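S.K.: Provided herewith is a single structure, encoded as structure tokens, for subsequent inquiry.
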């Protein structure tokens, strides 16, 4: 299928060119792609082998078709209108020449038949014997000429049919491009008009709060600055997040502490409930927002190593955004050739590691005696991973296949982290974190992204696993959708929307978090996150509230009741709670952060050169290092070199796969270095898990298994 056809496949479709085909036993087949897995069962081992062979052949064919399409259009410069007009001329000339060739074919056939008849008439005449032999020889040559001419005529006819079919295909493609261009031009014109009208409305209003009435009449499809200084999106786009319409609605009412204070209880001002309402001391709960990134929280850990606190300022390079974006609508973001001007000097593996910035929340969760209290900390941790994205609209570098990134803070912070790029199409990264403080986290994330013209959707696929060693509590959740708005016109801003369901697969506790999409017409706090922690029986114990860019609070539920029915026909639940406690608060950004890509203190250290790391580590990637140093032109040249090197390796690997299939041999494809693909017992999905060996290889400095990717 073409790329346009692949974009409109049925729900549940798996792209074979990027699928993993595995066998569980004599009859079962596992077919997986990103976060989707199908389990197929054959009647017999012979039938299973027939299916596996057919699927492998179909996968090889799909890979060849994808390569043909990507080689033709993947890295080419965007086609301009002048290029399209230049294509029409050759198409018309080709059509004219094909008509001439068809006429010549008819003439050859006509004159050949006449020549054949004339020779036959000569043979019937009475001529000398030697003349008859010569006429016979000429007749044989004429017969050969006729056969050759017929073959040429058939070949020309086939060529004519092929050229006509391709001509129609080119016409359709040109028409599609023309329609896309017209549609995009209309969108830009509409956005420009809305932008101008909103500017006039804002200038005419005495203030944003008092001028809301005058702005609202023109802001239905426009964008204005929110109270936090961010541009809003079009109101109609809130319909894109229709998955949250079924989220349970609730109202929280803080209880009067006088009616819920027992005699003899000694409580701090942060909590107004019973001592047994909280199994941990208040100081443990409140320390989340009192500690900072530069403070050590572990008595058994070494003092922190002094690390860098700044990087070279971001240079101010101009870029013709329209020349790049106009040919990218509807394409997969990972397949669009992008200059480093759109990037930040960190790879996707390093961005994944940034999720650990507030790892102390998990250290506190280890101490919880109640699984529902522990769930509160896990929920706060899941939200905290988005706090660094509020100003980070630049794109991280796509890791090369086999690229790794380690963050060894075992002696300082008690954990060590390892990431590896385990797949290139689709791009997938495996992540494993071990903490000596009593928890392990692992995940395999596949990033699906689409450029929609006015905004960019980034959809992480894959589950995040967290297990606490002492209790055995195993938590699983998935990330929400990130949306970058105002791609063409206006100031870039990012929003998070969707739902996170965190499940403790041991105790069956659940936490349902809702990320409310931003809307100018909403009275809610921007970037609002709300949720409820419930036990296995569905009883609500805690209410989570806050924003994903600032803080998260937790309130103990004393009583719940059903309230009035909302305008949407849903009945709201009223929760009477104790005063909230702050579980997590965002660290302030370092000084001059706006000139350093808005990096946090942790992000500034992620690309700091370190010794003894693997030769595949992201810190050693030359284009990323050049960009961080401000040498963007050199970084673009180096980025193209690395990508072409990776394409050559991919083509060689695919050729080996096709050759193995033709010979009837098994071809395993790319095998990750430090991770292995296993069937997860909790989710039933195939996931890459850490198999060991990396830290041992680092101790020995034996990197012989690492490929040369840089």
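Sequential numbering from 1, following the chain as shown.
Cβ coordinates are placed from backbone N, Cα and C, and glycine is handled just like the others.
Unlike curated entries, TrEMBL annotations are predicted automatically.
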S.K.: Please identify the range among 169-203, 204-238, 344-378, 379-413 that TrEMBL labels region 'Disordered'.
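M.R.: Within the set 169-203, 204-238, 344-378, 379-413, TrEMBL attaches region 'Disordered' to 204-238.
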S.K.: I'm validating the feature mapping. Which of 64-89, 90-115, 116-141 is tagged region 'Disordered' in TrEMBL?
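M.R.: Residues 64-89 are the ones TrEMBL records as region 'Disordered'.
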S.K.: Look up region 'Disordered' in TrEMBL and report which of 255-309, 420-474 it refers to.
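M.R.: In TrEMBL, the region 'Disordered' feature sits at 255-309.
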S.K.: Across the whole of the domain 'PH' (1-60), what does the mean pLDDT come to? Round it, please.
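M.R.: Looking only at the domain 'PH' (1-60), pLDDT averages out to 76.
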